[in-house]
Structures are given as structure tokens and as C-alpha cells.
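The following features are taken from TrEMBL:
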| type | residues | note |
| --- | --- | --- |
| ACT_SITE | D30 | active site |
| ACT_SITE | N78 | active site, proton acceptor |
| BINDING | D30, E213 | Mg(2+) binding site |
| BINDING | 31-35, R43, H47, 75-77, W79, R81, R194, 200-202 | substrate binding site |
Amino acid sequence: MSDLSLAPAAVQPPNDAAAAVPRHVAVVMDGNGRWAKSRYMPRYFGHKAGVDALVRVINTFADRGVEYLTVFAFSSENWKRPADEVSGLMGLVLVSVSKYLTKLAGDGVRIRIVGDREAVSEKLRKAWDHAEEITKHNTRINLSVAFNYGGRWDVMQACRQALAEGLAPEQLDEAWLSSRMAMAFAPDPDLFIRTGGEMRISNFLLWQTAYSELFFTECLWPDFGLAEMDAAFAAYARRDRRFGTLRSSSSSAEGS
Ligand code: FPP
């Protein structure tokens, strides 16, 4: 497991403010294919295990006090994967909605889908609409599934709205753009987790992760559980979030 914090846990104790639980956790669920391959199984098997892992951990995130969990399920670039994997993932989503929706709804999970819905099938769009509709009054945790999503697409579509609305250049500011982006309903992610060993953002929430704390782990997504969550939260608690200022998130004194 790799953690980008500069000092090991043993020599850098948590501070009070940073020890707070992240309100919003964003996750790149990487490693499903390798997980399946190591078991001599097709990649689909890994993605299926990935959905099961997600359903397993949602309640624990909620119990820890996380209010928003946003997962990268299908990127704008994933269309370039072999056709059978793409159709497998589309089918898996439909199967997963019918398999788990009642449970998630009963567990108080509010589901939202973020991304470009134009390119997905009508059947899938209807399944998303249904999942959003029947969970819309839930408040325990907000699960956002980024599907056919890309950070660059998100910035682009918000800019297009500005143009379409005839906004003057001086009217366009960060707050306006944020209000038109796919995650406008949520605070920016505090903690960004990527499993599977790669250390990159891969066009996930580019705008929103400007000041997110990054946590990378070798753990393959289907194996993600309590131990990895604890490791991610412990790393987060050791970070000193300054948001570009000199002010430490753990102190009221400038420059400390
Ligand atoms: C990355 O692993 C994972 C994906 C591209 C898909 C993740 C999707 C799911 C877990 C299903 C989501 C569905 C719902 C309903 C939330 P990889 O295939 O790149 O793995 P590898 O790096 O080992 O090849």
C-alpha cells in the first residue's frame, strides 16, 4: 500500500481538526480486471465482485459519518475497451440495480448518477431514473455513481451552459461554473481514494478535487474493506489541509 503523506504514521500524530471524518469521499475503483485474472476468471467476474465490494462498504462509510460517496464506475474513455467488456459493464449495471436497489433504498442511501446520459441506452437511463426517484428522500448517505463521466466533459458541459445562456465573460466565475457542474449538489471531495496501485486521477472530478487529499493503495477494488478504509481515514487524519493558505486546518494561528 502506498500513501502519499510525507511522514509515516508513527512520527506524525493526528491533529484534532484533520482527524475529522471526510464529508465527501471519491473513489476510483481500480483493479477489478487484475483481481479476476489472478483467479483465472474473465474480467466481468472482477467487475461483478467490484459491485459487491461497493455494496459491502457503503454502510461502513455511512456509519463512519461520510455524507457523500462518489464512485467512478464508467469513464468517458471506457468506451474504448473491447466491445464485450463495455456491453458486460452496461449489463452489469442493469443487473446490479435490480439486485441491490431495494437493499440500498432500505439502508437510507440516496442514489444519483452523474455523467453524460445521452450515450447510454434508454433501458439504462430508465433504470437510473428509477433508482434516483425511489431513493430521493433518503438522507443517510449520498451515493453518486459517475457513469459515462469525465472531468473534462464536466467542465466542458458547464462552459457550454454559460455560452448557451449568453453569459458575459465578467459574469462567469468559479461559483457560477461550479453550480452547473455534475456534482453541484455536493461539497468538493475531502478524500480521493484510488485502489489498484496506479497513482493518477484519470479524468475523474478534475475541477472538484483541487484540494482533495489523495490516497493510493495497491489493494485491488474487490478486496477493499474495513482495513483499507481505516488506512485511508488514518492517512486523511494526518494531513494538514491548508487550501493554499499558510493557515493550518488544525490551528487558528496564521502560519502555524
Ligand atoms: C477499473 O478496473 C474498474 C472499472 C473500469 C469499472 C468499475 C465498475 C464497477 C465496479 C461496476 C460499477 C457498477 C455500479 C452499478 C456501481 P479495471 O477494469 O481497470 O481493472 P484493471 O486495472 O485490473 O484492469
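Using the three backbone atoms N, Cα and C, a Cβ is placed for every residue, glycine included.
Residue environment of S76 (substrate binding site) contains 19 other Cβ atoms, counted within 10 Å of its Cβ in all protein chains. Ligand 1 lies under 6 Å from the Cβ of the following binding-site residues, listed in sequence order from G33, S76, W79: G33. Under the three-state DSSP scheme, R194 (substrate binding site) falls in the strand class. The local packing around G33 (substrate binding site), expressed as other Cβ atoms within 10 Å of its Cβ over all shown chains, amounts to 20. Taking only the Cα positions, the spacing between W79 (substrate binding site) and the residue listed as 'active site' is 16 angstrom. The C-beta environment of W35 (substrate binding site), restricted to residues of the same chain at least 6 apart in sequence and closer than 8 Å, consists of G46, A49, G50, L220, W221, P222, D223. Classification of H47 (substrate binding site) by DSSP places it within a helix.
Cα to Cα, G31 (substrate binding site) and E213 (Mg(2+) binding site) are separated by 21 Å. Under the DSSP three-state reduction, W35 (substrate binding site) is assigned to helix. The number of other Cβ atoms within 10 Å of the Cβ belonging to I201 (substrate binding site), over all protein chains shown, comes to 17. W79 (substrate binding site) counts 11 other C-beta atoms within 10 Å of its own C-beta, drawing on all protein chains shown. Contacts of the residue listed as 'active site' defined by a Cβ separation under 8 A and a same-chain sequence distance of 6+ are given as R194, T195, G196, G197, E198, L220, W221, in order along the sequence.
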